[in-house]
Structures are given as structure tokens and as C-alpha cells.
């Protein structure tokens, strides 16, 4: 429990992004565009998968959940970030900060583990195609989605509760544009070595377990593809995985850089710059990656547009 001699923090103030005043409107419009594309792209992907029966497969079942998580993940940070561009005081209440950090950690963990579930799905599809429909049963698919939500809940409950139960010093200035764990820990008066270790272990465990699942899956996938004799067969096999590999590489590269490297707590300004990429850009890129590089999605979009035109004519 916090010592009574410590100042009770009722709100936090964000330093936010550092930029030239002349860029204020431009950056606001840019991040607003990112958010709108994120919302429309991911919502469109969910609707497309829902209405097109040919996309009712395990792969697109996982993709629809990934799109849902991207919408939620982006909405945890973007609305507050956008309003702060024109706010004289970039403030957030203590409870608001707790909730923002809680949901942020929740959805980040889910996204990582969903990508691992999708990698396993690709492994079964390419390495055991004859058993695919049996192996990837509806029950297993549901379990591979519920699992990430359960782990995400445990992940965020663990380090968020451990951090916010500690006493904060008089300063309430957060060197970030949202309530991320690293700058929050820098404001705590108590010994935070256990908290740092907890973040490193819990966040690291999620990243390492999910990334190991992905690496092992793609190792077997690569071996299976190299055994395919025809160049056309290898090309088709690679094309089914290329979108997922691209999304994984972008997300995991930034997350490992911020949360797993030992100097993550001290490099707050650098973390803030990199955080822009994975909070604003990655949720926007995922639907673009999976639509522009996926023939099935593009075909489904064409069929849906054609049906819509017929419906409007009638």
C-alpha cells in the first residue's frame, strides 16, 4: 500500500509527441487518417469474412478476430492521442490511465498469440493438407482464439496491478502519449526492480512463446515447401504464408525492441517514437497486407461489390 507521506496522484499529464508547432495540423490529420483507415479496413474485413461463405475457413476465422483486436487496440490509444493534439493540458485521470494500460496490455498480448494461432493453422494446411479439415476442427479453432484472450487477461492483470498498487512520487508527468508501462514505472517511488522483472518475464514470455510457435511452424512449412517439386506449387504455398509473415515481422520487430531489450525502461524517448509505429501504423497495415496480398480476399471483395451493385439496381 502507498505511504501516506507520498502525494496522492489523481491524474497524469502526457508530454506527448515532440514536433514543430507548424506540423500540428498536418500530424493530426495524418494520425486521424491512420485511425479512420484502421477502423474501416478492419471492420470491412470482418464484414467481408462474415458475408462471403467461401471465407468461412479457420484461416479467416482467425483473421476476423485479428481485425477485431486491431480495432480495439487502436481505439485504446488513438482517440485520446488525437484530442491531445489541440489540448492545452494533455491530462488523463488516474483511473483512466489504469484502464488504458490494462486494455493496451490485454489487446497486445491477444494479437501476438492470435498470430501464433494463425501460424499453426498455416502449418497444418501446408504440412498436413489431407487432415486439415479434421485437425482444424471448429472446437480447436475456438480454443485457439479463447486461449489468447485468457492469456492476455492474465498478462495485463499481473503487471498492471503490480505497478498501480505502488506509491507514486509528486511528479505526474508521463513521457509518452499514452499510459505505457515503461514511463509509468519511472514515476513510482518504491523499488521497481520486481516490476521491471515482471514486465520482462510476463511480456517476454508472451512474445517468446508466440514467436517460438511461429518460428517452429514456419520451419516445418519451409521444409514442406522445399519438398514440393513444381515451381508453381511452391509459389502457391509461399503466397498463402506471405501476408502472415509480413504482419508478424512488423509487429514482433517493434515489440521486441521496446519491451524485451534490457534498456527498454531507460530509453523512453526512443520507445515513444517506435510506439507510434505499432499503435497507429500496424493496425492500419494488417487489413491492407491481408487484402492486397491475398487472392481469396480480393476475389471475395469483387464478389461482394458485384452483389452490392445488383442489389442497388433492383
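Every residue, even glycine, has its Cβ placed from backbone N, Cα and C.
What Swiss-Prot says about this protein:
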- 97-189: disulfide bond (DISULFID)
- 5: N-linked glycosylation site (CARBOHYD)
- 1-25: topological domain 'Extracellular' (TOPO_DOM)
- 47-54: topological domain 'Cytoplasmic' (TOPO_DOM)
- 76-99: topological domain 'Extracellular' (TOPO_DOM)
- 121-133: topological domain 'Cytoplasmic' (TOPO_DOM)
- 155-196: topological domain 'Extracellular' (TOPO_DOM)
- 218-237: topological domain 'Cytoplasmic' (TOPO_DOM)
- 259-271: topological domain 'Extracellular' (TOPO_DOM)
- 293-314: topological domain 'Cytoplasmic' (TOPO_DOM)
- 26-46: transmembrane segment (TRANSMEM)
- 55-75: transmembrane segment (TRANSMEM)
- 100-120: transmembrane segment (TRANSMEM)
- 134-154: transmembrane segment (TRANSMEM)
- 197-217: transmembrane segment (TRANSMEM)
- 238-258: transmembrane segment (TRANSMEM)
- 272-292: transmembrane segment (TRANSMEM)
When the number of other CB atoms within 10 A of each residue's CB is tallied over all shown chains, which of the disulfide-bonded residues 97, 189 has the maximum?
97
Are there residues at least 6 beyond the ends of the topological domain 'Cytoplasmic' (121-133) whose Cβ is under 8 Å from a Cβ of it, and what are they?
58-59, 62, 144, 217-218, 220-221, 224-225, 237, 240-241, 244
Summary of DSSP states over the topological domain 'Cytoplasmic' (218-237), given as helix, strand and coil counts
16 helix, 0 strand, 4 coil
For the transmembrane segment (238-258) against the transmembrane segment (26-46), do we get 3 or more Cβ-Cβ pairs below 8 Å once near-sequence pairs (under 6 apart) are dropped?
no
Most CB pairs under 8 Å with the transmembrane segment (197-217): which of 26-46, 100-120, 134-154, 272-292?
100-120
Where, among 26-46, 100-120, 272-292, do we find the most CB pairs under 8 A to the transmembrane segment (134-154)?
100-120
In which DSSP state, out of helix, strand and coil, do we find residue 97 (disulfide bond)?
helix
Give, as a single whole number between 0 and 100, the mean pLDDT over the topological domain 'Cytoplasmic' (47-54).
88
Which of the three DSSP states, helix, strand or coil, fits residue 189 (disulfide bond)?
coil
Within the same chain, where does the transmembrane segment (100-120) have neighbours whose Cβ lies under 8 angstroms from its own Cβ atoms, ignoring anything closer than 6 residues to its ends? I mean 6 or more beyond.
59, 62-63, 65-66, 69-70, 72-73, 76-77, 80, 92, 144-145, 147-149, 151-153, 155-157, 159-160, 163-164, 178-181, 184, 203, 206-207, 209-211, 213-214, 217-218, 244, 247-248, 251-252, 255
Mind checking how the topological domain 'Cytoplasmic' (293-314) divides into helix, strand and coil residues in DSSP?
19 helix, 0 strand, 3 coil
Long-range CB partners for the topological domain 'Cytoplasmic' (293-314) (under 8 A, at least six residues beyond its ends), listed in sequence order, are 45, 48-49, 51-52, 54-55, 239, 242-243, 246
